[in-house]
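Take a look at the structure below.
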Amino acid sequence: RIQAYRFRTRVPPSPAASGSPRSTRRDVAVQAKGSWLPGLQSPAYLDGSLEGDNGFDPLALAEDPEDLRWFVQADVVNGRWAMLGVAGMLIPEVLTKAGLMNAPEWLRLPGKETYFASSSTALRVHMSSTYVEIRRWQDIKNPGSVNQDPIFKSYSLPPHECGYPGRVFNPLNFAPLENKEKELANGRLAMLAFLGFLVQHNVHGKGPFENLQQHLADPWHNTIIQTISGQ
């Protein structure tokens, strides 16, 4: 069971409000976070109690509680990977343009296509990551079931919220609700940015920083409108 932080702050009723003075926990969450589209009623299963929940699920993909548990963790993990990926795509290009290093282009290296490692190394990495992902899936299905190290029995994790193991994975104690909200918001932006970088490179054959420089040099002509129109 994924433990979800819920708002417990009392919200005093407005003097102009009419009707029952009682307020539910969902009412507090909605007032605190708001909806992703003003005036649109959020689904009943998205009551604002989860971090980053603004009622966005137009296709009702998370209506099933088991699916919702999986999507919550997928949102966190994919956002973390996206933040690392965006940094890995952007920072080397910026440092190369600044003359501080000479990093190869992140998507296309000169000459024939190359890969980051040999086939045997890639296989070992794949097998290791598969093992880690299986353990993560087990923790989602049965929280706490993978806290004990299966090999070194003297090592174990303390009870924790799924997706937030703490200790060495959280040395600065970024666990309070505000930081979880920020992590999710930045992770979602990073996922969109990652997709944008790929599209830009596919259209222009250039990196995101170079595209930004060209836009700033001539903001009235180097835009998406000119790109779509073929000018």
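Positions of Cβ are set from backbone N, Cα and C atoms, glycine also.
Annotated in Swiss-Prot:
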type	residues	note
BINDING	Trp36	chlorophyll b 1 binding site
BINDING	Phe56, Arg188	chlorophyll a 1 binding site
BINDING	Arg80	chlorophyll b 2 binding site
BINDING	Ser118, Glu133	chlorophyll b 3 binding site
BINDING	Arg136	chlorophyll b 4 binding site
BINDING	Lys182, Gln200	chlorophyll a 5 binding site
BINDING	Glu183	chlorophyll a 3 binding site
BINDING	Asn186	chlorophyll a 4 binding site
BINDING	His215	chlorophyll a 6 binding site
REGION	1-25	region 'Disordered'
TRANSIT	1-31	transit peptide
TRANSMEM	183-199	transmembrane segment
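A distance of 6 Å separates the Cα atom of Trp36 (chlorophyll b 1 binding site) from that of Phe56 (chlorophyll a 1 binding site).
Within 10 Å of Arg188 (chlorophyll a 1 binding site), counting CA to CA, the binding-site residues Arg80, Ser118, Glu133, Arg136, Gln200, His215 contribute Arg80. For the pair formed by Lys182 (chlorophyll a 5 binding site) and the residue listed as 'chlorophyll b 2 binding site', distance between Cα atoms is given as 12 Å, rounded to the nearest Å. If you compare Cα positions, Glu133 (chlorophyll b 3 binding site) sits closest to Arg80 out of the binding-site residues Arg80, Glu183, Asn186, Gln200, His215. Every protein chain shown contributes to the tally, and the Cβ of Phe56 (chlorophyll a 1 binding site) ends up with 15 other Cβ atoms within 10 Å. Recorded residues Arg136 (chlorophyll b 4 binding site) and the residue listed as 'chlorophyll a 6 binding site' have their alpha carbons 42 Å apart, per Cα-Cα distance. Candidates Phe56, Arg80, Glu183, Asn186, His215 (binding-site residues) were compared with Gln200 (chlorophyll a 5 binding site); none lies inside 10 Å Cα-Cα. For the pair Ser118 (chlorophyll b 3 binding site) and Arg80 (chlorophyll b 2 binding site), the C-alpha distance works out to 26 angstrom. Neighbour list (the residue listed as 'chlorophyll b 2 binding site', Cβ cut-off 8 Å, at least 6 residues apart, same chain): Glu183, Gly187.
There are 18 other Cβ atoms within 10 Å of the Cβ belonging to the residue listed as 'chlorophyll a 3 binding site'. You'll find the Cα of Asn186 (chlorophyll a 4 binding site) roughly 16 Å from the Cα of Phe56 (chlorophyll a 1 binding site). Summarising the environment of Ser118 (chlorophyll b 3 binding site), the number of other Cβ atoms within 10 Å of its Cβ, over all protein chains shown, is 9.
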